[in-house]
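K.L.:
Just dropping this structure here.
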Ligand code: COA
């Protein structure tokens, strides 16, 4: 059955080859049903691996304490076994024992603002237009490309992706268009209008903080052409020449509890409610931004990354967004472009696959003539601002501006080599980059830290991610040896190779559903659900250290020469995202200015040096039998 639907040849995650497929209703469901269920890893295996993962990041005394707690937890007939059985029962009853829990824990119940703390951005290469005409032409073509991709989703003709020869879950693709997050007092929710009678037919366009509903289909159901879209965008532009005094979109940048309160208040007014619903229901948002302040070339990309993540503050483009919207494409008058997306429905790779498609589409010449029908004026979405709403906007502005000031972000294009070099050394490029991050961190802080790298669980039905713990006993041995005069180059190179192999082994274990992080989370949530007292294992300092990810990292590969970026997940940490291309690597590194110990540019500097030193080392010391 799977062979019928999974026709693409094996290719890595994130790379989509577009093939003309005919519409077959139910194709997606058939594919999904043939995917395996996420396993619950064996309890003893996870506990052994947990102790191993702690070794490089905690003291021997702490480790010995945790060993006792683990020994208690794993006893035959003990609490560990009871919780494990609960998880196994859950796995039998559900499509995926983890996905609902993960969605709630990682996203919908997370109360910090989505801006910086959760929503990733993508920086696209600068487009070569310099004025409004160019901006609108490009935006029109981009929208046409989005609609082209949407047709594949609607017709269920999206080619199945593969990783390591295994077909991947395609569900996230069906969640990224026509959806929106809704704030709630304790937990948010997501709405989706991709299917059925209420299927969306419009996008939201924002210009000068003013929102418009733009219908993107002709009456015969065909999508508007780029020429038609251009005309519509011009109409929008010409009716929104003045910046709106009340940037209503700023409300979406707030702490989720405050936003939930403000949302209820906002929607008491019928006009406001209709406007908000129109935004929520739309296919996506297209933000026509004012130009960014001019900066020198060396910091340009870092500034664009900040624009994508937060919009630059209440006086720049932050009011030109609705941050709860799953997908927001950003096109500024000066040619800076990219997107920001709300993370709950999807990981980066499907978003970037869509972007790759759209970017390729924008390069195509116009084909065919546009119908000459008169198109109605796009509808302006109006808001009645009461004093209370105005007050909420002011508070949100203040908080946002603090966040904007606090974000330290550096985009680094590492030009000296790309993934070709580690491959030529028979090393996994991802493992090589992760080891470089370990070395950079160790050189800066003389210690190793808990490190998170996202691993895809999409080999399983409704799979999201698990964690590759890049800090290992082997990585620590390597980074400690690197600057040691007592070790020869050959020994150091052998330690580096061994550490990259260990990283690749962890990756393989993670993508096959056998990593430890989601399993430990599952056991903890099972304890909460069973109302048993929280096992000491989860109250232990070592557990808190293991979950305090000073390095939160992710590879998001793309065909386009772009880079995804996101904020750190702890106050004293770094967020590092990278796109390894064949000849160069794009990195986006973030930190918080409020932390005196972190500095994104400094980390970029150490990372660059680590990558170069590791190349020199491997070239100087030939591969020996490990
Ligand atoms: N020798 C030579 N080549 C090697 C090699 C080796 N030892 N190991 C790997 N390679 C090659 C691979 O074949 C691949 O080749 P390609 O460029 O032709 O495709 C390339 O190097 C990349 O492999 P690698 O660097 O090992 O990474 P990967 O593609 O297997 O990706 C993860 C690893 C962890 C990033 C991936 O499994 C994953 O889970 N991705 C999803 C992450 C995610 O969801 N992020 C978003 C969070 S928002």
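Cβ coordinates are placed from backbone N, Cα and C, and glycine is handled just like the others.
Just lifted these from TrEMBL, have a look:
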- 343: active site, proton acceptor (ACT_SITE)
- 419, 423, 424, 425, 426, 427, 428, 429, 430, 456, 504, 555: CoA binding site (BINDING)
- 452, 454, 465: (R)-carnitine binding site (BINDING)
- 38-609: domain 'Choline/carnitine acyltransferase' (DOMAIN)
K.L.:
Please list, in sequence order, those recorded positions from 343, 424, 430, 452 with the Cβ less than 6 Å from ligand 1.
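P.N.:
The qualifying recorded positions are 430.
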K.L.:
Between 424, 454, which of the binding-site residues has the fewest other CB atoms within 10 angstroms in the structure shown?
P.N.:
424
K.L.:
Quick one, of the binding-site residues 428, 465, which Cβ has the fewest other Cβ within 10 Å?
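P.N.:
Candidates: the binding-site residues 428, 465. Fewest Cβ atoms within 10 Å: 428.
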K.L.:
Would you kindly give the Cα-Cα distance separating residue 454 ((R)-carnitine binding site) and residue 419 (CoA binding site), rounded to the nearest Å?
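P.N.:
One finds 19 Å between the Cα atoms of these residues.
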K.L.:
Across all chains shown, how many C-beta atoms besides its own are within 10 angstroms of the C-beta of residue 452 ((R)-carnitine binding site)?
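P.N.:
Its Cβ has 23 other Cβ atoms within 10 Å.
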K.L.:
In whole Å, how far does the CA atom of residue 454 ((R)-carnitine binding site) lie from that of residue 430 (CoA binding site)?
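P.N.:
With the alpha carbons as reference points, the distance is 11 Å.
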K.L.:
Among the recorded positions listed here (343, 452, 465), which has the Cα closest to the Cα of residue 424 (CoA binding site)?
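P.N.:
With Cα distances computed to residue 424 (CoA binding site), the winner among 343, 452, 465 is 452.
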K.L.:
Given the recorded positions 343, 452, 465, find the one whose Cα is closest in space to the Cα of residue 426 (CoA binding site).
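P.N.:
Of all the candidates listed, 452 is nearest in space.
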K.L.:
Measure from the CA atom of residue 465 ((R)-carnitine binding site) to the CA atom of residue 504 (CoA binding site) and give the result in Å, rounded to a whole number.
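P.N.:
Cα to Cα, residue 504 (CoA binding site) and residue 465 ((R)-carnitine binding site) are separated by 16 Å.
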